[in-house]
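Participant: These came from TrEMBL, pasted as-is:
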DOMAIN    A:46-250  domain 'ABC transmembrane type-1'
TRANSMEM  A:49-73  transmembrane segment
TRANSMEM  A:85-106  transmembrane segment
TRANSMEM  A:126-145  transmembrane segment
TRANSMEM  A:187-209  transmembrane segment
TRANSMEM  A:232-251  transmembrane segment
TRANSMEM  A:290-314  transmembrane segment
TRANSMEM  A:334-359  transmembrane segment
TRANSMEM  A:371-393  transmembrane segment
TRANSMEM  A:405-426  transmembrane segment
TRANSMEM  A:467-490  transmembrane segment
TRANSMEM  A:510-528  transmembrane segment
Amino acid sequence: MRKKLAWTMAISLILVFLALPWLLALQGLSWNLPGLTAELWRYPGIGTAITTSLLCGVSATLLSTCLASLFISKSEGSRQLKGSGLSLTFAAPHLAFAIAFLWLLTPYGWIDRLIPWLTLGFEQQSLTTLITILVIKETPFLVVLGRQQLAQLPHQQWLLQAQILGASRTRGWWLVVFPAWLRQMRLLIIAVAIYSVAVVDIALVAGPLNPPLLGPLLMSWQQQFGVAEQNLAAQGLWLVLAAGVFMVAWVKLQEWSVKRLCRGLLRRAGGNHRWLPEGAISVSLQLLKWVLLAVTLLSGLALLAMSLGQGWFYPRLTPLEWQFAEAWQLALGSLPVVVMTLALALATAVMVTVILVTLREWQRLRGHEFADIWFIAALLIPQLGLVIAWLQAESLPVVSMHAEHAWLLTWYAHCWFAFAYSYLSYAPAERACSQMHLNLGRSLGYGYWKSWWYFKRPALRDALKHCLLVSFLVSLAQYVPTVLLGSGYIQTLTTELVALSSGAELRLPAIIASVLWVLAALAILMTARGAPASAPIRKLTGREE
Amino acid sequence: MRQFHLALRMTVVVFLWLTFSFSSNAAEQQPVRFYAWGGSAEVNAYIEWASTELAAEHGIALEHVRVADISEAVTLLLAARPDEPVAIDLLWINGENFAALKQANRLLGELPRQVPNAVNLREDLNWQNDFGTPVDGYELPWGIAQLQLIVRSSRLETGQTILAPSQLLALAQQTPGRFSYPKPPSFHGTSWLKALAFQLLEQPEQLLEPAPQHAAEVLAPLWRYLDQLHPLLWRGGEEFPVTAARQRQLYNQGVVDNSVTFNPNEVAALQQQLKLAPDAVSVSLGSRALTNFHYLAVPVASQRQQAALQVIQFFLSAAAQQRKADPSGWGDPSVVRIDESQARLFPSHPEPHVSWNHALEQGWLARYQR
């Protein structure tokens with residue numbers, strides 16, 4: 001009875017944790033929908049803004065999905081493609097990477113100064129540049145989490161069966177494993193698609209601005225206080241939501257097309273002929289991997305150089321002065337902010353993991369699965385609109401004047417947003433994990449959580465590490481909730497980076513961005529380490545390494 | 001699972017540390033939470049200096065809450081219930097943000113009466129109107145802003161201090177793709193349009209009156225000029241830097257040959273700090289420059305109004321203003337009478353009536369944002 005009560009209390013708290021922000025948002029959200037005659041449609045350049053946003057979302061999603069699929073397919077057979085090079089790109093904070101990318105690769109940038117005859121084609125404020133940066137950043141995200149999703153599928157058995165039926169390994173991969181993997185990846189790809197269509201931070205730095213994409217346009221309206229702008233902001237929020245729905249449909253269409261193609265090919269199967277230029281693909285991927293690694297390393301070095309040098313005026317290859325001592329002092333000065341950032345990110349990672357594990361175990365215990373959409377819906381709504389709706393909800397004072405309240409509110413918001421991303425990483429893995437070993441433990445006389453700890457947890461080791469990692473990284477990157485809910489009491493590396501980047505400074509943002517990158521890279525390194533799961537557990541769960 | 005244990009332990013330690021810092025800091029000094037733009041290292045350093053001085057002299061702990069845009073603080077103030085205490089004690093503000101807060105009755109009034117140093121404010125400055133909105137004692141000026149162009153010296157004649165719109169057009173014709181301006185409706189972008197309008201309109205005094213119904217006709221010379229200029233600008237006038245700060249980065253990177261500033265001392269100050277290319281000089285767009293002010297204001301819901309007023313009193317002292325005007329630091333001209341004003345100010349014309357903002361911004365967007 002006590003155990004049942006404890007479960008009920010825990011789950012009630014979790015449901016309140018998940019539902020409360022929605023209730024507040026519904027209260028604070030403006031229901032000013034853009035009808036056919038709405039002012040929004042008369043806003044100059046709105047057609048272009050919608051077209052470019054959708055083009056950006058579709059291209060970035062399609063390209064990063066294709067590249068991630070190729071990387072995943074080839075990493076099965078190639079040890080070289082399994083390396084941690086992509087993880088380094090994954091670790092790079094979006095904004096920091098974009099700043100360094102532009103400084104290096106646009107006209108009059110550092111590479112242009114070094115090799116003036118080389119035309120790279122990346123302009124400042126261009127859609128091509130923005131899509132390229134998004135693809136470079138999102139492909140590693142899909143590869144790193146895609147490997148984890150692949151591990152949940154018995155793909156080796158499927159490949160073996162395909163080979164027994166006479167298909168080559170490659171053909172077996174693309175026709176049997178790939179559609180299942182793509183289905184498994186759906187939610188992660190949707191997260192990428194929504195981010196790409198509503199992107200704000202990188203779009204402001206690298207994307208077109210006349211007109212801007214929908215994300216920055218909505219933000220600019222929300223930062224103005226005239227009646228007309230507030231009206232546009234309310235209607236624009238629904239437009240961005242609609243763009244998000246369009247992207248969900250696009251991801252489904254992608255998946256459907258792939259399935260249809262694969263089914264057609266399967267029907268005509270039989271020949272074991274070479275049907276893909278495998279050699280060319282392998283070489284291209286190797287090359288691409290090295291290019292990605294080189295761009296990432298160069299971007300990291302560029303940030304470091306920008307942190308140390310002062311006066312990089314065109315056409316100089318080196319700065320007027322190297323200021324090591326000043327840079328060190330500035331980095332030391334950011335130490336309290338680093339501690340605050342770490343505290344928030346660690347607390348978020350731990351809390352989100354605990355909540356997710358409890359929620360999943362409760363669902364397994366009850367044998368009842370909720371649709372994923374209930375848990376990842378936060379990803380479908382532009383964050384700025386959601387946070388402003390919270391601020392305007394009247395039933396709960398969200399704006400706080402006490403540091404402790406501000407801390408709690410910010411932590412809550414970080415956990416809530418991180419939960420959606422971590423759910424995408426953890427839930428599918430947990431779902432694929434057998435309860436057999438946990439039940440075995442219970443039959444040996446262990447309590448539920450003791451059995452979970454000793455028998456199920458080792459099987460979920462990678463999923464738990466990814467859950468911790470993803471929530472840590474999401475917390476590191478939070479800007480809007482930290483600024484608006486933290487009431488200025490919470491200053492993290494990201495709020496510092498955005499505040500400093502609003503000026504023309506190069507060195508200070510570069511120092512903060514470098515520290516942020518190092519923290520993210522350290523988190524990835526820490527979660528990448530560790531011994532493989534023990535053989536008995538692997539046998540019990542049927543999970544492959 | 002060692003990482004999990006490690007993460008858990010680190011979290012506990014950091015929480016304890018934070019709890020300790022919160023409790024130990026709060027005990028001794030009266031905190032004042034100052035929301036101010038944090039995009040300039042020099043401005044941040046100046047506020048840090050002020051914070052040290054205030055702590056030593058007045059027992060006030062000035063906390064600089066750095067924001068990317070002060071509208072973030074305005075959002076917070078407008079979202080709070082009017083009777084609810086807020087975490088913002090002092091704001092660095094002007095323009096539309098001030099107008100929004102004043103209209104919503106969220107600012108403390110009668111500041112000149114409550115800040116003794118307000119009597120030292122320079123009488124020759126027309127600070128009583130903030131972008132067309134009467135100040136009415138709800139804010140006090142902190143510094144002077146004057147729109148000037150930053151141009152590569154090689155594009156100008158030696159000693160040239162004024163660049164008329166026709167000269168700028170000629171320069172753009174000689175070097176297509178090398179000039180630009182911040183995109184309206186950004187602060188600097190709209191100011192650029194205002195400054196051009198003063199130069200190009202047949203009767204510029206019309207700008208001081210409310211914008212009439214036929215504002216588009218009045219502004220026709222401005223649009224004709226921009227129609228000629230745009231194809232000669234960076235990216236063919238199809239793209240514009242989003243802010244003046246972004247344009248300065250493009251200038252330093254060699255992408256464009258001009259930028260804009262609202263700080264008359266900024267060129268010298270930034271060159272001294274190696275943050276602006278040494279070949280940059282400042283010139284006035286036309287014979288008179290658009291001049292306005294940036295201000296300090298106290299939210300009416302602040303629980304530490306007296307301490308916030310003491311901070312304003314300090315900021316308006318001769319010593320603090322002198323330090324602010326120092327070109328080796330921020331270099332922002334003084335609003336109080338001090339021994340020597342180091343700013344090179346051009347003859348000025350005032351801000352147009354606030355209603356022109358809308359006419360200029362909407363007119364520009366309708367024509368050039370497609």
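A Cβ is built for glycine as well, from the same backbone N, Cα and C atoms used for every other residue.
Can you tell me where each of these features sits in the structure?
Facilitator: Sequence-distant neighbours of the transmembrane segment (A:49-73) (same chain, 6+ residues past either end, Cβ-Cβ under 8 Å): 81, 86, 127, 130-131, 134-135, 138-139, 141-143, 146-147, 150, 170, 173-174, 178, 181-182, 185, 189, 192-194, 196-199, 203, 207-208, 211-215, 217, 239, 243, 246-247, 250-251, 254, 281, 285, 288-289.
Non-local neighbours of the transmembrane segment (A:85-106) in the same chain are 71, 112, 120, 122-124, 129, 133, 136-137, 139-141, 143-144, 201-202, 205-206, 289-290, 292-293, 295-300, 302-303, 306, 473, 476-477, 494, 497-498, 501, 506, 509-510, 513-514, 516-517, 520-521, 523-524, 528; each lies 6+ residues outside the stretch with a CB under 8 Å from one of its CB atoms.
Same-chain residues lying 6 or more positions outside the transmembrane segment (A:126-145) and placing a CB less than 8 Å from one of its CB atoms are 52, 55-56, 59-61, 63-65, 67-68, 71-72, 75, 86-87, 89-90, 92, 94, 97-98, 101-102, 106, 185, 188-189, 192, 195-196, 199, 202-203, 206-208, 213, 292, 295-296, 424-425, 466, 470.
Remote same-chain residues near the transmembrane segment (A:232-251) are listed as 29-30, 32-34, 38-40, 43, 50, 53-54, 57-58, 61, 186, 189-190, 193-194, 196-198, 214-215, 217-218, 221-222, 224, 380-382, 385 (criterion: CB distance under 8 Å, separation of at least six residues from the stretch ends).
The list of residues near the transmembrane segment (A:290-314) in space but at least 6 beyond its ends in sequence, with Cβ under 8 angstroms from a Cβ of it, reads 85-86, 88-89, 92, 96-97, 99-101, 103-105, 108, 110, 113, 136, 139-140, 320-324, 327, 331, 506-507, 510-511, 513-514, 517.
Sequence-distant contacts of the transmembrane segment (A:334-359) (same chain, six or more residues past either end, CB-CB distance under 8 Å): 10-11, 14, 17, 410-411, 414-415, 418-419, 422-423, 426-427, 452, 464, 467-469, 471-476, 482, 490-494, 496, 511-512, 515-516, 519.
Sequence-distant contacts of the transmembrane segment (A:510-528) (same chain, six or more residues past either end, CB-CB distance under 8 Å): 84, 87-88, 90-93, 95-96, 99-100, 300, 303-304, 306-307, 327, 330-331, 334, 337-338, 341-342, 345, 465-466, 468-469, 472-473, 476, 493-494, 496-497, 500.
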Participant: Could you name the stretch, out of A:371-393, A:405-426, A:467-490, with the greatest number of CB pairs under 8 A to the transmembrane segment (A:187-209)?
Facilitator: A:371-393
Participant: Grab the same-chain neighbours of the transmembrane segment (A:467-490) for me: Cβ-Cβ under 8 Å, and only residues 6 or more beyond its ends, written as numbers and ranges.
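Facilitator: Counting only partners 6 or more residues beyond its ends, the transmembrane segment (A:467-490) has Cβ contacts under 8 Å with 91, 93-94, 145, 201, 340-341, 344-346, 348-350, 352-353, 356, 383-384, 387-388, 390-391, 398-401, 403, 406-407, 409-410, 412-415, 417-419, 421-422, 424-426, 498, 516, 519-520, 523-524, 527.
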